[in-house]
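*Asks:* What follows is a single structure, and I will ask about it in a moment.
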Amino acid sequence: MLLHFQEVLSRDDVLEMRRLLDAADWSDGRATAGAQGAQVKRNLQLRPDHPVARQIGAYIQQKLAQHAQFQSAVLPRRTLAPLFNRYEVAAEYGWHVDSALMRSGADAELLRSDVSTTLFLSDPQDYDGGELEVQDTYGSHEVKLPAGDAIIYPSTSLHRVRPVTRGARVCAFFWSQSLVAADAQRTLLYELDLTIQRLRARLGDDADTTALTAHYHNLLRQWAAP
Ligand SMILES: O=C(O)CCC(=O)C(=O)O
Ligand SMILES: [Fe+2]
């Protein structure tokens, strides 16, 4: 499931983050790619321990913790600290799949990547190219969102960032391990949750919305691996 969340960050948040990010010192992005990824990766990233990455990353994590739709769709067990990338003219990241297992530091717990997120920090009119292209069972999707908006996609998907031909594309990106590993099961739970919420808003609570809520929790109980 690909899902678009609008205005995860406000305009003011984006402007302040860009002020800090644009003044930071960026490094070669290949340092954080796996062997296959490094061959097709041409971009800049902030070092994960860069103070700006830590400060902004913590703020983004806080926003996600309060974002009901992100929580419902991802069912995160843990989300790695956000990383930041910058694609200038000719930068790109060719087709790859994100590593299945990651760590945020040498002695940190392993995280299985189930859901990948890109949070855009550049507006579409500020650059050409740079679309995030994600393949799923229904074909290929090109994504370029307003600054402050986010896309989530299953980490099992082949994806790439197309070459930038004008301007610069700046994004935050990160991975979550979900309580529910399988995309199909997460999608079903998310859609059921949305349906229950719409029914509640329309009809209030009655025996049927309570029964559906029980089904939601009982499915989650069967599928969740905390
Ligand atoms: O910038 C993006 O949209 C995604 C970057 C990416 O695929 C990665 O760093 O693994
Ligand atoms: Fe990726």
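Cβ from N, Cα, C; glycine included.
Taken from TrEMBL, the feature domain 'Fe2OG dioxygenase' applies to 78-178. Residues or ranges marked as Fe cation binding site by TrEMBL: His96, Asp98, His159. Residues annotated as 2-oxoglutarate binding site in TrEMBL: Arg169.
Mind mapping these onto the model and telling me what they sit next to?
*Replies:* Restricting the average to the domain 'Fe2OG dioxygenase' (78-178) gives a pLDDT of 96.
Around His159 (Fe cation binding site), the same-chain residues six or more apart in sequence whose CB sits under 8 Å from its CB are Trp95, His96, Val97, Ser116, Leu132, Glu133, Val134, Gln135, Tyr153, listed in sequence order.
Long-range C-beta contacts of Arg169 (2-oxoglutarate binding site), restricted to its own chain and to partners at least six residues apart, with a cutoff below 8 Å, comprise Arg86, Tyr87, Ala91, Ser122, Asp126, Tyr127, Gly130, Val161.
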*Asks:* Can you name the residues of this chain that are 6 or more positions from Asp98 (Fe cation binding site) yet have a C-beta less than 8 Å from its C-beta?
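*Replies:* Looking at Cβ-Cβ distances below 8 Å from Asp98 (Fe cation binding site), excluding near sequence neighbours, one finds Gly37, Ser113, Ser116, Ser155, Trp175.
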*Asks:* Under DSSP, the domain 'Fe2OG dioxygenase' (78-178) has how many residues in helix, strand and coil?
*Replies:* 3 helix, 57 strand, 41 coil
*Asks:* Note the Cβ centroid of His96, Asp98, His159, the recorded Fe cation site, then list each other residue of that chain whose Cβ lies within 8 Å of it, in sequence.
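*Replies:* So the additional residues around the site are Gly37, Tyr93, Trp95, Val97, Ser116, Ser155, Ser157, Leu158, Arg160.
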